[in-house]
Amino acid sequence: MNPWLLLATLITVWLADSAAYFAGKKFGKHKLAPEISPGKTWEGVAGALLAVTVYGLALCHTLHISRWLIAGLWLIVMLSVMGDLFESLLKRQAGVKDSSHLLPGHGGCCFTFTSLYSQIYNFMQDNALVKRQYVTILGATGTIGLNTLDVISQHPERFSVFALTANNNVSGMLTLCQQYLPKYAVMLQESAAQMLGEQLKALGNHTQVLHGDTALCEVSSHFEVDIVMAAIVGAAGLHPAMAAARAGKRVLLANKETLVMAGNLFMQAVEEGGATLLPIDSEHNAIFQVMPQHKRNTLSRMGVKRVLLTASGGPFRNASFNELKAVTREQALNHPNWVMGPKITIDSATMMNKGLEVIEAHWLFNALPSQIDVVVHPQSVIHSMVEYIDGSVLAQLGNPDMRTPIAYGLSYPERLHS
């Protein structure tokens, strides 16, 4: 059963029982079924129907739904009354008495409380009371974007896709729009947006297709959006990431260039907008997880001596200088541990990636250059470490799978299967 429907039914029955008791006590003259349950009256039934009618009108007005809901509530009341009479009949035949004296008007008080508690507990355990979060994915057809969608697919009760964006990968976006049915799809190039829109229309898909940098910023700052995965490669990712930060979103930052190009401006936008910034790079995500607190204090105030970024060394870690002169594009794109997009894979092969990550760490953790070190760790099991002034070193370990930091970012401060 839908958990919201279950909760609404419980509230309706509880409200109807209460109203029936008080209306029957105040106005009750005509017995409903005196041989089975002498305390129940027709006036009590009328009071229950009146109470759920008011409750239904309030729901219809608040949620903008059809007033046919009230008829459904009346049906629940009548089924509840008949069920209560049947229960009373069985009890009389068995010669047992419930605990209605504990709470007048609510026969079987212990049973009622137990069932209500258990249902609400299960309701909360199933995350039904956790607001479903709407996610915009900037760079949906890239490796990070696809991994994010994979994690979201595992938790459909927690997340919905609000918008997907791409540069010009029409076929990839067409497939994703058919699978995830986002409200918006944004292509950076106008021609690609026109082509995607025509193909979606032909398939009967109602996803609205937009284009351009302004549209990227709009779907990143939209009031319905809770989380923005900023995974556009290069400078094109700066403006929408800034828009998300200024709008106070949870920003999952997988775009390195945002901090490299405009670290000070971006961190200022995060602070002023009240955004939550979670790094998705495995190294920075690892540091975030083992830091004592996530405020913009200096490391020394938190008892941190330095942060250590790990590096696999890439495919040419053991190559000589002469061997490096003859490497091919295919060799550079063949990372020994990670599956990544082409740009970051090449940056990893040249170790330029680690230089960018040092800059990122400076802005993310308010770290001085002297407090950031890089350690080559070919196995890519330890993703990064934090050394404290007392000599302790805390590390985050895991398989080299980007779905782990993505799931952490989506669910923070909770944990999700990835």
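Glycine residues also receive a Cβ, built from the backbone N, Cα and C atoms like all the rest.
Summarising the annotation, TrEMBL assigns signal peptide to 1-20. Taken from TrEMBL, the feature transmembrane segment applies to 44-61, 68-86. The annotation domain '1-deoxy-D-xylulose 5-phosphate reductoisomerase N-terminal' is assigned in TrEMBL to 135-263. Residues or ranges marked as domain '1-deoxy-D-xylulose 5-phosphate reductoisomerase C-terminal' by TrEMBL: 277-365.
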Summary of DSSP states over the domain '1-deoxy-D-xylulose 5-phosphate reductoisomerase N-terminal' (135-263), given as helix, strand and coil counts: 64 helix, 28 strand, 37 coil
Long-range neighbours of the transmembrane segment (44-61), counting only residues six or more past its ends (CB under 8 A): 8, 11-12, 15-24, 27-28, 32, 67, 69-70, 73-74, 76-77, 80-81
DSSP helix/strand/coil residue counts for the domain '1-deoxy-D-xylulose 5-phosphate reductoisomerase C-terminal' (277-365): 44 helix, 11 strand, 34 coil
Same-chain residues at least 6 beyond the ends of the transmembrane segment (68-86) whose Cβ lies under 8 Å from its Cβ atoms: 9, 12-13, 16-17, 20, 32-33, 36-37, 40, 45, 48-49, 52-53, 55-57, 59-60, 107
